[in-house]
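What TrEMBL says about this one:
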{"type": "DOMAIN", "residues": "8-196", "note": "domain 'Major facilitator superfamily (MFS) profile'"}
{"type": "TRANSMEM", "residues": "42-62", "note": "transmembrane segment"}
{"type": "TRANSMEM", "residues": "74-92", "note": "transmembrane segment"}
{"type": "TRANSMEM", "residues": "98-120", "note": "transmembrane segment"}
{"type": "TRANSMEM", "residues": "141-165", "note": "transmembrane segment"}
{"type": "TRANSMEM", "residues": "171-189", "note": "transmembrane segment"}
Amino acid sequence: MSERRYSPLATLFAATFLFRIGNAVAALALPWFVLSHTKSAAWAGATAASSVIATIIGAWVGGGLVDRFGRAPVALISGVVGGVAMASIPLLDAVGALSNTGLIACVVLGAAFDAPGMAAQDSELPKLGHVAGLSVERVSSLKAVIGNVAILGGPALGGAAIGLLGAAPTLGLTAFCSVLAGLLGAWVLPARAART
């Protein structure tokens, strides 16, 4: 029997967890920040709608980006761009340079790269599961558990972080999660696109 290697799968699961919990925290922190920055429910709604549209577009093109450029580059760029976009919000706000349209632009940029990053991670899970000696069903179950833990734990972590630090620093925390997830994904995923 071939040697089982759990490290690559565990690393990718860690990236998945960081990515999902960062998004779950951002889902709570971002509306708080937008409302405090704009003082307008209409702008908060416009920001949320823009984020959803950007996510849909990202999901539409995500698989094609992975096929064309490879899993590792897409995971890395997705994590870094998403992290920089989120970090830009509190940084620009701190220096008084964050306009409402700039805020929406940062949110759209971060959201647009979410789906390609997830596609890059998800497409490699069956292979890494095989290397670890796990069935596709078991890998899928583990991924679902990790995702659900992040989705459930994210709002609690986000609420605690907002209460202790404020919404702006909490967005910085989500940026860190995004960049780290991208780096872990790039480390464990194949660098080149599959050739057909």
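Every residue number used here counts from 1 along the chain in the order it is shown.
Cβ coordinates come from backbone N, Cα and C, glycine included.
Here the transmembrane segment (42-62) has Cβ contacts under 8 Å with residues 30-31, 34-35, 74, 100, 103-104, 107-109, 111-120 of the same chain, all six or more residues outside its ends. Residues of the same chain lying 6 or more positions beyond the ends of the transmembrane segment (141-165) and with a Cβ under 8 Å from any Cβ of it are 13, 16-17, 20-29, 32, 122, 125, 134, 173. Averaged over the domain 'Major facilitator superfamily (MFS) profile' (8-196), the predicted model has a pLDDT of 90.
Using a Cβ-Cβ cut-off under 8 Å and counting only residues 6 or more beyond its ends in the same chain, the transmembrane segment (171-189) has close neighbours at 8, 11-12, 14-16, 18-19, 21-23, 25-26, 29-30, 33, 70-73, 75-80, 82-87, 89-90, 110, 117, 120-121, 124, 128, 161, 165.
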